[in-house]
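Taken from TrEMBL as is:
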type     : residues : note
DOMAIN   : 4-132    : domain 'Cdc37 N-terminal'
REGION   : 63-112   : region 'Disordered'
COMPBIAS : 80-112   : compositional bias 'Basic and acidic residues'
DOMAIN   : 125-286  : domain 'Cdc37 Hsp90 binding'
DOMAIN   : 290-373  : domain 'Cdc37 C-terminal'
REGION   : 346-377  : region 'Disordered'
COMPBIAS : 354-364  : compositional bias 'Acidic residues'
COMPBIAS : 366-377  : compositional bias 'Basic and acidic residues'
Amino acid sequence: MTSRIDYSVWDHIEVSDDEDDTHPNIDTPSLFKWRHEARVERMEQFIKAGEDLEKGLAESKRKLTEAQKKTKNLASSATDDAKAELSKAQAEEKRLKKEERDWEKKLEDHRREEKKMPWNVDTLCKEGFSKSVMNVKPDVKEETEEQKEQKHKTFVEKYEKEIKHFGMMKRWDDSQKYLSDNPHLVCEETANYLVIMCIDLEVEEKKALMEQVAHQTIVMQFILELAKSLKVDPRGCFRQFFAKIKTADQQYQDAFNDELESFKERVRGRAKIRIERAMKEYEEEERQKRLGPGGLDPAEVYESLPEEMQKCFDEKDIAMLQTVITKLDPTEAKVHMKRCIDSGLWVPNSRADEGDDKEEDATYEELNKEMGEQKIE
């Protein structure tokens, strides 16, 4: 049976400089160190060249778009000056199209050269070789939302401790080494968990810790984005991210910092929404607990009462309430007392607990009698 794996790629792997034989008079450790530094420098230069090509292509596309707009505007104009300028604009558009193709060819050649580059200790993952890790684009199968949710849940249950540890790291070198030792963490599930972790910390008002975890979240997201742009498994390119970020120009650093600040603002916004939602839910729960037998909130009913009636309830003075009721319009009094009953502010015909003063019971009855037909059974 023919193997699906192309083992010819193994021919280009530089596993270790330490396997080379050297002359006994040569300081072997120093030689290996110099070779490694030279290789890392070549890698960084290669990455920088690729970034320059991408910038050049983007700028070329921008100029071409502007030229095409200019040509279109001149073509739609009937003035003599526009007709005279049209031929020049068309020539410029043609030139920019050729320039764009040249940039695309250079970038394509660069990417083709990247695929041919030998592997070494700085680009291999410790978990071993696989189709995905060896920069071969994996077969992507669309997952359902249920499958994604279950996959995330299973991953977090297994690696939650390791993800949290990565989230607390501060130094580039420490983060790179930890991912080298735990390459399975370089994935969407880790990034998603870190986002949730940031929001939780902001809700708990652990702001300094949130900002630290936010930094690591953007690290993971940048690695994932780099993998998408290179069309490789993230585990096969995270070292490239650290090589870029540690030696990058100011523009790349600014892009990372801008994304970090933007992310922290989004986290604060999400945390604020969560807190507001929790407060509303709590207030609604408390309101439901307060509702009287008729489904009305006693606090809301109290606020709607005339000041004289509010004072009666404040002082718990039934005689005063009786007097106030007799002074109100009968219809208005009936409405207020019905709302008081439905909210539980007033309980008609209630009997006090054993041992209460009988005079107080008589006062309740007297108030009900005074209300006459206004009484709500």
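Note that Cβ sites are derived from N, Cα and C of the backbone, with glycine treated the same way.
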DSSP-derived helix, strand and coil totals, residue by residue, for the compositional bias 'Basic and acidic residues' (80-112): 33 helix, 0 strand, 0 coil
What else in the chain is close to the compositional bias 'Basic and acidic residues' (80-112), if you only count residues 6 or more beyond its ends and a Cβ gap under 8 Å? 49-50, 53-54, 56-57, 60-61, 63-64, 67-68, 70-71, 74
